[in-house]
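The structure appears below as C-alpha cells.
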Amino acid sequence: MPDLLRFANIIPLFKLPTLRVTAGGKCPLVNNLPPSSFRSSSQLTSSHGPVFAKVNRREGAGGWSPLVSDRYQWLEVDLGRRTQITAVATQGRYGSSDWLTGYLLMFSDTGHNWRQHRQEDSLGAFPGNSNADTVVQYKLKQPVIARYLRLIPLDWNPTGRIGLRLEIYGCQYTSDVANFDGSSSLIYRLSVRPSWSEMEVISLKFKTLKNSGTLLHAEGQRDHSLTLVLEKGKLLLYHQQGVSSSSGGQLLVSLGSLLDDQHWHHVKLERLSTHLNLTVDKNTQQAHVPAELSHWDIHQARETFQHTQKHAHFKDVLLPKSLCSLTLYGILYGSSNQFQFLLGNVTFSCAEPVSVSATFTDAHSFLQLPGLTTWSSGVVSVALQFRTWNKAGLLLTFDLPQQEVMVWLYLSEARLRLQISGGGRAQLDLSAGSGLNDGQWHSVELNSREDQLSITVDKDEGATAHVSIPLPLTADSHRVFLSSGCPVQEGSQECRNPFRVFQGCMRLLTLDNQPVDLIKVQQRLLGNYSHLQIDMCGIIDRCSPSHCEHGGRCTQSWSTFHCNCSNSGYRGATCHSSTYEQSCEAYKHKGNTSGHYYIDVDGSGPIQPQLIYCDMTEDRTWMVIQHNNTELTPVHSSPERSQHSAHFDYAAGEEQLAAIVSQSEHCEQELSYHCRKSRLLNTPEGAPFSWWLGGPAPGQVQTYWGGALPDSRQCACGLQDNCLDSNHYCNCDADYDQWTNDSGLLTHKETLPVRSLVLGDIQRPGSEAAYRVGPLRCHGDKNFWNAAFFDKETSYLHFPTFHGELNADISFLFKTPSSSGVFLENLGIKDFIRIELSSSSEVVFSFDVGNGPLEVQVETHVPLNDNRWHSVRAERNVKEASLRVDKFPAATQEAPADGHIHLQLNSQLFIGGTASRQKGFLGCIRSLQLNGVTLDLEERAKITPGVRPGCPGHCSSYGSLCQNQGRCVERASGFSCDCGQSAYTGSFCHEEVSASFMSTTSITYTLKEPYELSRNSSALPSSIYSDTTLRGENISLGFRTSQSPALLLYISSFYREYLALLINQHDELELRYKLHSSRDVEVLWSRVTNLADGRLHAVTIRRLADTVYVQIDQDAREDFNLTSDVEFNNIKSLILGRVQESDELEAELAGLASLGFTGCLSGVRFNSISPLKAALLHPDSPVIVTGPLVQSSCGSSSPADPYAAETTHSLSGTRNRLTAVLCSVFSGLIAVVIFVTVSALAIMARFICSRKETYRTQEVKAAQPEDGHEFPFSSQVDCESAPSQNQKEYFI
C-alpha cells in the first residue's frame, strides 16, 4: 500500500550532528575549565571562591562556600559551548563540616532565562551529601543540552555551612540551526519519488518567545497537506485538503504546553502504519491517519515559522524576529535527491534575545521598587507582563501618603481590576480583560495623565478601561510593591494586602517607560525582594499531560490541579475509579433488582461503561445485550437476488462484548429459522445454503444452527435425531411445502455473538422464510466469585509485579476469623505497597513512592473477623491515597506537594502473605482486582500448598437480601433465594405477586380432598393442615378496592369451622373466627377506617392460641384475645374472591361471599401457603381458578386500578343487592330485629367515637413477623363440642 508521508526519506539526506562521546558518554567536564568559567552569588573569602569547587581537589579552602548560607546563593559553571549533560556529582568542602544535603539544578544556553531540571514531572530537589568526602552522583534520566549549569543550595549540614565541590559529566554537542524572522521559510522539494517505508519520521527542535506560528508544512498529492502549528504555546497537527481553504483543516492531535519559553523543545512526528505519533519532549500522543491520506506522498516539505492566513488566530499577532528551528539531523545545503531553497531571511545561527523573568512562588514573595521623582508631575506609566494559573492575586500596589490613598492592581475571577481607596473619596473600581489565568503571557499597562486614568490588558487584542480621574501623585510616592509579601522590617501599615497572593511569573517591568533591571534586583543593587526566583519563570502546566483519566476535565492553580469527573462515569481525585459495577452479578449482590444498569466491565480500565439490561431471576442473573433486530423478520422469495444478508449492531461496543463473553460462565443466543420451501444447510456433503458470522470481531463463518454443536453442520433436530426427514439434519432441509422451523440456542462462547446472517435458498418461487436472532444473554461472573481460601499463616499466592506507577486501585472482598493478617504486599528497591488487617476492626493501606512511608487507616468500630464478607477498596494516585471498608466513610491522605509520584515495584506480588512469610492471612479473599484486572486466585490456588480454590459460605453475608420469608440457598459460586415458601417472587423474593379480581373471580386452594379424610397417606404437601390442629396463623396480604362490604379471604374446614377476613359496610377491616362448629362466631373489628378508598393497604394478622394481633399499614398494632376456642381443625380450603359454594355459611356471610371481590390482591400468604402465587405462577399446584384473573402490577403503590371505574360504578348496586339479601333472611324474625337494632345503636356509638384518619398510600412489602419462625402446630386433635354461646364482638 502506498505510504502516507515520505518523512523517512527526508531525514537520511540531512547532515548528521557532530557528537564527540567517550566510552560510556560520561566525560568529566569541570576539571579542565578555566577559572573564568566559574561564578557564584558570593564567596566567604578568596580561598572559598567558586574556582575551587572541583571534585576531589584540595586547592584554596577545599571548595566553595558563600558569604552567607541561605537559599539565595548559587554556583554557576560555563561549559564554553552547548553540551549534552548526562550526570552531576557533588562533594562537601574538604576537611570541613560543610556540605549540601539538597539542591536544585538550573540550565541555560545564555546564562539567563534559567530552566529548572526536574526528576519526575514536578519533583525538583536532588539529594546531596551526608559528609564532606563522599562523592554523590546523580545520573539525569533525560540528558540535558545546555551551556550553563547553575546549582542552588536548598539544605546543608545544620552544624556547618554551605560547602561544595562539583563535577559535571557529558559530551560535546553540535548541530546545525536555522533562524527565522517570522516571514521566512526553508523548503525541501523531492525530485525523485522515494521508496516506501514502514516507519516514517521527521524530527526537529525549536525554541521561541512567541506563542503562535507555523513550524512545519508538508504538501502532498491532490492538495493534501499536514501542518504543525504552535498555538498559544501548544503544538497542533492539522490535516488539510485544498490550498484555498480558509479554515485550519482537521485537527489530528494536540500536545505540549508553555512551549514559548525560549528553551529547546524536541518534536518528533512518526507514521506507523495507520497511526501518527506526535512526541513533544517526553510526551507522546497518537492519532489515526485519515483515510484520504492512505495513498498520499509528500513531494514538498517546508520548515518555517511564519504568519499563515489559514489560521485566523494569527491575525495581527507580532511574529518572532528570531526563532531557531533545530532539526535533530541538521540541515543539508543541496542534494542530488532533493531541491532546497530559501524564502525570506533565513540565517544559520541562532540569535538569543534576553528576557529576564521573576517567579513569585508563595505567600511570602514580594518585590519592592523605588518610585520615580517624575511622578510628581502627575504623569504615571506602569507596565508589566505576567502569566499565572490562579484566578486571583495582587499584581502591584503603591500608596499616596499625603492623600492617604492606596492603589491596588489585582486579579479577581481572572479579570484585571484596579481599586483606589482612601483619601475621603468614594472607592474607585475599574476592570478589564477576562480569562487571564490561562497560563499565557498577558501585558498590563496602568497610565495616569492629566485628566484620565486607564488600565489596558494585552494592548490591541485586549481591553481597556478608563475613567476621567487622574492619580494625585506627589514626590513622596516613593515605593511600589509587586505581589503581596512584605519585607520583615516593614510595618503592617506600609505593607498590607487585602487580596489573595499572586503566584506566577512577571517580566518586562517598566516604570514611566524605563525598564526595571531585575538582575540588579537580584544583586541587591536595586529595591528589595524575598522568596523570589529571578531570571527564570518557574510556571508548570500540571494539566499537560493531564493526570485526569477517562475524559475528566483538568483545571489547575499554581500549586495543584483538579479533575472534574462530571458525566464521565468515574470518580476520585483523577477520575480513575468507575462509579459503576462490572457485572449484573455485582449489582444483584448489592440488593438491586432487574433493570437497566451501566456496566463497566474492566472497572478502572480503558473500556467505557455501557447501559445494559440486567434480568435478575430467582436462580440466574442475566446480562442482556440487545442489537438492532431481535424480532422475527420475514424474507420473501425474489428471483433478482440469490441471498439475503443481515448485519447485527449491538448496543455494547466490541471491547465490552468481548469482555462480557470472556468473564461470563455461560452465554447463549437464540437462532431461529422458519421456512417453507426454503432449505437451510443442505446435505452434509453439499455447500451450505446459509451461514452466519460469530465470535470476536470481525467474526468467523459458522455452519451449524441453534441447538447443535460447532462445525457439525446440523440443527437441533439432527443432534436429537428427530428431524422431519431422516436424510437431513435440519427440518428445513426436507424442503417441504409447509411451514416448519429450526430453532435453538447457541451456547458456545467462542462463536458468540452472532454478527451477521446470510440466507441462500430464497430465490425459488414459493419460497418463504423468516429468521430471528435473539439478544445475547450471559450469566455468571467468573471474576466476582473467583476466590481462594488460605488455611495456614505461612501460605500465600504470588503473581507478577503490579504496575501502578501513577494510578493504582485495588479492590477485593475478604472474610476471616482472625484479627490480623496481610492481604497483599508488593515491594520495590525502596518503594512498596501493602494492605493488611491490623486488628479486628482496622484495615491499613500503606505505601512508599519515595517520599517516606504513608498510611491510610479505616477504623470500623465493628468486628471484621466475624467470618462474613467485607469489601476493601484502596486507591493511590498522584494527588492522594484513599481507603474504604464496606460502607464506612473513606479515609484519605494527600500526597506531598511536588514530591515523588511514581510507584516503582520490582518483586513478586504476594497475596495472603508477605515475602518474609510473617503476618499471614487466614481466611478467604475474593474478587481481587488491580486496576480493573481480576487476578485468577482459583487457578493459582490449585497448584499452591496451603491454599484452596473457592470459598463457600455466602448466606452468612448475603442471606439478608432474601426478603418475605425467602430462604437463602448456598451455591458454589454465590447464592440464590428460594421463594417457594414466600408469597413473593423475583431474585430476592421481593416482587409482589398481584392480580386484578372481578366479581366473578374465584381462587380455591385445596388443602385436603374429602375422600382423603379416611386415609393415612397424604397426596399433597398441603394436606399437612388436614391431619393436624392449627393453634395459630400467620396471614399477610395487600389489597386495593373501592368495594364495601367485600370478602378478602375465606378459610374453611371439614368441621364447619372457618376464618373470614372482610371489609364491612363501614369500610373497616373485620376478622371473623369460628373455631368450633357449635359455638358462635367471634368478630374482631379494627379501628382503622376508610379502607375501601381505592388505595393500597397492607394487612398482617398473627394468632397464637387465643392471642391475636392485627396491623394495617404503618398504624399501631391492635391486640385482642379469643374466648371461644383456640384450635382450627382439619382445614379444607382457602378461597380468594367469590365463594362458589356458600351453603355451609351463615346467611349474612353467604350473601357477602356471593358478591365476590372487585379490586386488587397482592402478596397473599397463609402460613407457608401462597394461593395467589400458586394460581398465577404454578398451575400444577392444587388450585382452582374460575372467572377472569389478570396478573398485574396493581399491588404497587401507584393508584392505578384496571377495574377502578367498574368498581366505582357498581358500588351502589352492590350495596342494594346486599340489603335485599339481608331483608329476606331476617324478615319475620323479631328477635333478630331486636338484635339488629341493638347492634346498630352500638355501631353508631362506636362510629361517632372512632378516629377519622386518612392513610397515605404506600408500597406494600408484606409486613414481616417479629420473629422468623412459623407458628407451631398442635399434634392433638380436639373434637369435643363446647356449649353454644352468643356471638361475641370485639372492638379492637
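Even glycines carry a Cβ here, placed using N, Cα and C.
Please treat TrEMBL annotations as automatic predictions, because they have not gone through curation.
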Which of these ranges is annotated region 'Disordered' in TrEMBL: 24-50, 105-131, 240-266, 1266-1292? 1266-1292
Pick from Cys778, Cys924, Cys979, Cys989: which cysteine does TrEMBL list as forming a disulfide with Cys951? Cys924
Long-range Cβ environment of Cys924 (disulfide bond), under 8 Å and at least 6 residues apart: Ala787, Ala788, Phe789, Phe790, Phe814, Lys815, Thr816, Cys951
Starting from the Cβ of Cys951 (disulfide bond), draw a 10 Å sphere and report how many other Cβ atoms land inside it. 23
Can you name the far-off residues of the same chain, 6+ from the ends of the domain 'EGF-like' (539-576), with a Cβ under 8 Å from a Cβ of it? 122, 234, 255-258, 283, 359, 387-391, 439, 503-505, 598, 600, 604, 608-609, 806-807, 809, 875, 877-880, 882, 897
Rounded mean pLDDT within the domain 'Laminin G' (356-537) lands at 82
Let's see if you can do this one: DSSP helix, strand and coil counts over the domain 'EGF-like' (539-576), in that order. 0 helix, 10 strand, 28 coil
